[in-house]
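J.: Pasting in a structure now, in structure tokens, and then I'll have a few things to ask.
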């Protein structure tokens, strides 16, 4: 875009051998009636417009800052027409909602405290390269437009995604990676922060291991995202954030409006705080030593009523100030006790975890279920399995068009003992579900290993701190109960942070397994999920202007100790996948030649419909010739497989068939027998006893050797088409072998 009115600045992001990215900030041409507007480009082929506006008057009756952040995904940005019935954009996609949360979380603490004018930030995706991710660009765009708007905002704020990408030269943290680069990465994180002196203070982190992480680490030797590696990633993000903040500051210095003086409504005046502190501080210290949440809340509410009633005459008409001051005094009392005495609200030490319980198979008929409890937080996880054609279809700007693992999180009002609206999920529920989903994706089996669509639902039945991390634990239990062969168990823990001035110095205390009150009164909610070996997901929210990376690194190490303890509890409840529920569908995969797909389908679908009608199975065929067969029971699935093989794979072996095979390989656990070209089966070492006349076989080579011909029968075909064999022994030969074995024994 060109024009004499345009002013711009650029941030050049140097990724070394992975090339450079250019982030360009422009203003002056578009959305001129907004308080602040900015166009932000990445490499000139992805463009976002951010506009910030503010209400002219404070919102009456509001005791919070009314900030709204929205993302408008335009399908024309990717050269597409929306897939909805009316062919226009409707409600925001999940990706857009998550992008809104990414922007809101670092921006909100940067506005002046007490602002009550409504502020709205709208980011519109105008053009996008399908290989780009726009969410981090949106963080910078929203910060830039707000910097230009004249609002009391302590920016700029820079946001960057860094991915640990592996290539032939090793692993490197790459800024602003593309979708194609993420396929070779083991971990990626979105980090937002601001320049604080000579350092960068971190304000928000959203991180995850990728679905390829396990294979890259275990099979290709890629660097695992341990706590130390993740800490290095936070440090690697700092210079990129500084470059983005410098570019924003440069443009703001030339084009920003003067900061407007907005009315600020402080929660209370100093005299109200002093009066409440004198009346309540000592009693609050005793109240917040009560361990039980409901008893503690009742005592706190009673004390609040007593204090406000006693001070009502002195502060007539200022009851709201007294209420806010009471909360502030409570916060100070709780924080000082933690920092000075190292004792928390419920009497725990800084690193102590509440009592844990884990139970599986808690509901009848469902495919998998579990309950995980951590103190007063109780999560029920329920797993449902179905054919892959039931996976979620996605119509968004992302190149990802389908998702086989779907995690839904529900937070009903009764979970906190309150009343409220129930129904469609709110942004918070969508965000928590997405976090739990990201934590578990790296350990899911591949589509080939487990050809099922998986829907996981987390029901927050009781909440007192970190239901999202409880959902991760409950989901691990539930999926194992459903028979999902997870590569490893995953657990999550919520860390908190308290900081305050003690004896003239700023002290930090990291808290393990925070309560709801510690979340409310603390400075940070830091959620960490992972296996026993590495981190799979992180989410950081802070109420401060930023947190030193060294403090976060220490909290990461503290979280690992807690995670390992929780994994022990999970493993004591269930450590291996159970058998599939009798109520779960049986899904098997058959590979057919691509040129046989038409024959299986038949003219106008006649053949495939006939097979489905005859067997009761449900059949779907992929373009690569993979056929997925789903049925309510095993015999139906086997009948459909036989019918398909009769058409497309007439030489495919069936159970009970006999072959004269050739030993092609021996191992410690048996011998592989070639039956037909391209089709082998396993003759397990336990089956070799029949050849040895019932004698125990310790060494496979003592009985068979490579190249030997042997008559075998197919005894089993598993869901992946692998064959189990048994030797066919004539009666005379079997008797003779038995006599030889007896003679050898004598």
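Glycine is treated like the rest: Cβ placed from N, Cα and C.
Feature list, courtesy of Swiss-Prot:
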- 519, 525: Mg(2+) binding site (BINDING)
- 585-644: domain 'KH' (DOMAIN)
- 656-728: domain 'S1 motif' (DOMAIN)
J.: Determine the mean pLDDT over the domain 'S1 motif' (656-728), rounding to the nearest whole number.
T.: 86
J.: Which numbers of helix, strand and coil residues does DSSP report for the domain 'KH' (585-644)?
T.: 32 helix, 16 strand, 12 coil
J.: As a test of the contact definition, list every same-chain residue at least 6 positions from residue 525 (Mg(2+) binding site) whose Cβ is closer than 8 Å to its Cβ.
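T.: Listed in sequence order: 494, 495, 496, 514, 519, 539, 540, 541, 542.
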J.: With DSSP as the reference, give the number of residues of the domain 'S1 motif' (656-728) in helix, strand and coil.
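T.: The domain 'S1 motif' (656-728) comes out at 7 helix, 37 strand, 29 coil.
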J.: When you measure from the Cβ of residue 519 (Mg(2+) binding site), how many other Cβ atoms are you left with inside 10 Å?
T.: 17
